[in-house]
Amino acid sequence: QKLPGNDNSTATPCLGHHAVPNGTLVETITNDQIEVTNATELVQSSSTGRICDSPHRILDGKNCTLIDALLGDPHCDGFQNEKWDLFIERSKAFSNCYPYDVPDYASLRSLVASSGTLEFINEGFNWTGVTQSGGSYACKRGSVNSFFSRLNWLYESEYKYPALNVTMPNNGKFDKLYIWGVHHPSTEKEQTNLYVRASGRVTVSTKRSQQTVIPNIGSRPWVRGLSSRISIYWTIVKPGDILLINSTGNLIAPRGYFKIRTGKSSIMRSDAPIGTCSSECITPNGSIPNDKPFQNVNKITYGACPRYVKQNTLKLATGMRNVPEKQTRGIFGAIAGFIENGWEGMVDGWYGFRHQNSEGTGQAADLKSTQAAIDQINGKLNRLIEKTNEKFHQIEKEFSEVEGRIQDLEKYVEDTKIDLWSYNAELLVALENQHTIDLTDSEMNKLFEKTRKQLRENAEDMGNGCFKIYHKCDNACIGSIRNGTYDHDVYRDEALNNRFQIKGVELKSGYKDWILWISFAISCFLLCVVLLGFIMWACQKGNIRCNICI
């Protein structure tokens, strides 16, 4: 099928843009759904199912919690002096030593996790007059009664327990973490058998802080054959400060200190297996790629991760508005140009020319306008990732039961943050999509205006994205229009001559219209004459009377 108005002395170039049979729906500011030729998914909704061991240093806790590894539970001896970027705690982890509690468990866990090391230095505390290294059948090391390897259980010696007063200065250039405890016997008899006195007292001080604990004697639920307990406490000694320990009984003494480091190490609860792979972002579900700006796999993350949002999908337009080609129009689709619809099968570019002249038909992409649009779109995804990817870890929030209101408040704050980010993400993507569509439409209009200014009066805008050229324009001529080297003056005289000839033909072929207009006028005149004659006849017969008043 020929392009409109074509003969051997004219040519018809059309401008159009790429189209696909089935586009992708995206959201913009002005439209909930608009079809584009191509779009990229922005939400990562699945994990690999395993935690990658690179580039982060992963330490698998296996059967041990971090605190058990810190204290030196016998079945966690393999973790002594270990280091990590991320410590993985498993749901199967259990304690297998003397039953204990940590009043500020979450803070201690977080402090040690962020330090990223269990490096321990023994120190020579002088515990005179008491027996050291007490053990229990509830804490076996092999077949021998034992205790936490990082703690020293002190009890009576020859039925004596003198008051203890020990100091340990920090002459280093780093913070020291001391772990100590207080033993709570289940009965008064157990208290006196171990510590002689009916009630002991433990006070641990530095220049900045002081903690005093009085044992709480009484039976508790049985755990591993014991109804007594140990409470674990911790003290940080700054460089130049001094650790002072006073006790009259019930002291579980430190054997040394842990080095505290500042860093971005963390801890995560997960049962995902650890695999040999590489991923910057880790969630409890497993590692996820970070090549998208958003994810809805898990709120808890570690590493450089996409921002968590509620949406399952957000699509970023990376192509132009899609107007599928009308199949009823033959090989040239819309015979017209971009104003009516797009062109399918244009694989070399987003914008281009189709033409028909005396040499036949052809098609070519306009690479300059295509590249201009692509350059502006290509950076969008990277900019979104830079704006949204978290370069820090979002750790779990833990609170004790007495801090339930704080936990509720924390949950509310986190949920509000997620709601805000989910809304911001949707708005941000809609804005970017609107800009992309406006941008690609603008490039099409620029190309059309550039062509129109080249042709000037040598061609006529057909109103559908095509031009009717009033001079013979071979393929070389069409090529000059495409590449911007068309010389209007060369073809001006021929174009004007052909334009007048074609208009003359159109004028002659318009005689039928004149005849129709004349016939219509005569018919109206005859109708008026008949109507006037009827009125005069009726007046003569007296059927109609006319009164003229002046």
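A Cβ is built for glycine as well, from the same backbone N, Cα and C atoms used for every other residue.
What you see is a predicted model, and the numbers here were worked out from it, not measured in a lab.
Per Swiss-Prot, the features are as follows:
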- Cys52-Cys277: disulfide bond (DISULFID)
- Cys64-Cys76: disulfide bond (DISULFID)
- Cys97-Cys139: disulfide bond (DISULFID)
- Cys281-Cys305: disulfide bond (DISULFID)
- Cys473-Cys477: disulfide bond (DISULFID)
- Asn8: N-linked glycosylation site (CARBOHYD)
- Asn22: N-linked glycosylation site (CARBOHYD)
- Asn38: N-linked glycosylation site (CARBOHYD)
- Asn63: N-linked glycosylation site (CARBOHYD)
- Asn126: N-linked glycosylation site (CARBOHYD)
- Asn165: N-linked glycosylation site (CARBOHYD)
- Asn483: N-linked glycosylation site (CARBOHYD)
- Cys539: S-palmitoyl cysteine (LIPID)
- Cys546: S-palmitoyl cysteine (LIPID)
- Cys549: S-palmitoyl cysteine (LIPID)
- 1-514: topological domain 'Extracellular' (TOPO_DOM)
- 536-550: topological domain 'Cytoplasmic' (TOPO_DOM)
- 515-535: transmembrane segment (TRANSMEM)
Please report the distance from the Cα of Cys477 (disulfide bond) to the Cα of Asn483 (N-linked glycosylation site), rounded to the nearest angstrom. 10
In this structure, which of the disulfide-bonded residues Cys64, Cys76, Cys139, Cys277, Cys477 has the fewest other Cβ atoms within 10 Å of its Cβ? Cys277
Least surrounded, by Cβ count within 10 Å, of the recorded positions Cys97, Cys281, Cys473, Cys539 is Cys539
For the topological domain 'Extracellular' (1-514), the averaged pLDDT of the predicted model is 87
Within 10 Å, the Cβ with the most other Cβ atoms among the glycosylation sites Asn22, Asn38, Asn63, Asn165 is that of Asn38
If you measure between the CA atoms of Asn483 (N-linked glycosylation site) and Cys64 (disulfide bond) and round to the nearest Å, you get 71
If we check Cα distances from Asn38 (N-linked glycosylation site), which of the disulfide-bonded residues Cys139, Cys305, Cys473 wins as closest? Cys305
Checking your reading of the structure: which of the recorded positions Cys52, Cys64, Asn126, Cys473 lie inside a 10 Å Cα sphere centred on Cys281 (disulfide bond)? Cys52
Cys139 (disulfide bond) versus recorded positions Asn22, Cys52, Asn63, Asn165, Cys539 - nearest by Cα: Asn63
Reduced DSSP assignment, Cys139 (disulfide bond): strand
Enter the number of other CB atoms within 10 angstroms of the CB of Cys305 (disulfide bond). 28
How big is the gap, in Å, between the Cα of Asn63 (N-linked glycosylation site) and that of Cys76 (disulfide bond), rounded to a whole number? 8
What Cα-Cα separation, expressed in whole Å, is found between Asn165 (N-linked glycosylation site) and Asn126 (N-linked glycosylation site)? 9
In angstrom units, rounded to an integer, how far apart are the Cα atoms of Cys52 (disulfide bond) and Cys76 (disulfide bond)? 23
Students should find that the Cα atoms of Cys76 (disulfide bond) and Asn22 (N-linked glycosylation site) sit apart, in Å rounded to an integer, by 59
